[in-house]
């Protein structure tokens, strides 16, 4: 009688022992072929913030992939180190440009010859229609709004935070550096003696282009890099043509924005990267980045060569050096804009879509081990 009485409870206990708890349910993409069951969450009574089954499933998949390969949620350490190194190099180049253009007599003479004679020596189309502040600001704002909207539609929340901080730091740098950087009067100049470095208009245009470049999916990055380069060149050349800024002001602005973007890319994590299923190599990025970097370095080398040629005439501010100063200025602006955009394009692809051991559909076959 007692055995018959306790038999049902024993049966229920065995059934309970055979049924796994819902909290221990795990899903692995590479171990089970049947559709996974979403992990139920504890009901706290607030249904408005309760995620749906799709969000829970995506979170479980992300956690599973992160355990298999940490690169699914962060870039390679080497890519992060490269971003920091390039950032330091760009900032150092900006400081060197300021020193050479502002703190040396030959630099001040070179820039004075360039800014005074640029509009009379260079072709009129380099004025780009004499771009005014409302046009530059409007285009930059359009780029920025488009970048944040695209990042939001892609649900790249960490990326939105990165770009917001980057934009704020660029704005602060443009406002704070110009009043505090000294400009000693070493030689007589016909242009203004007040400090104008760095160029705020060029920083605005360059930063807006880089923000758009980093916000779009990989299929559009190469095209946006070209657009960003052309926009930076147009604004940089036009402000020299209209005598708003000296050459070093424009070049400093380009390298400062590039250096700050490299630091931003070094902080890439999780949703600041491409989705795991979208990480593919891009021939367009490889071609455009290589072309921009190579052409940029060639233009910079040509500009440096022209400066070396006209350097003997800078001591006396010789008129024959004006043409070379204007040509070198144009080459340096073109080259630096192309080089910085090409480098940012390259590092954005490396940090957003690192090549992982999982590949696209699974780990590649391991080579046979030698016995």
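Quick reminder: no glycine exception, Cβ is built from N, Cα and C everywhere.
From the options 131-150, 351-370, the stretch TrEMBL describes as transmembrane segment is 131-150. With pairs at least 6 apart in sequence, the transmembrane segment (223-244) and the transmembrane segment (320-340) have 3 or more Cβ pairs within the 8 Å limit; the two touch.
Taking residue pairs at least 6 apart in sequence, the transmembrane segment (197-216) and the transmembrane segment (131-150) share three or more C-beta contacts under 8 angstroms. Taken as a whole, the domain 'Phosphatidic acid phosphatase type 2/haloperoxidase' (160-266) shows an average pLDDT of 94 in this prediction. DSSP assignment over the domain 'Phosphatidic acid phosphatase type 2/haloperoxidase' (160-266) gives 81 helix, 0 strand, 26 coil. In this chain, the transmembrane segment (197-216) lies in contact with the transmembrane segment (157-177); the count of Cβ pairs under 8 Å, excluding pairs fewer than 6 apart in sequence, is at least 3.
Residues 114-116, 118-119, 122, 126-131, 136, 139, 143, 191, 196, 199, 201-202, 204-206, 208-210, 212-213, 216, 250, 253-254, 284, 288-289, 292, 329-330, 333-334, 337-338, 340-342, 344-345 of the same chain sit 6 or more residues outside the transmembrane segment (223-244) yet have a Cβ under 8 Å from a Cβ within it.
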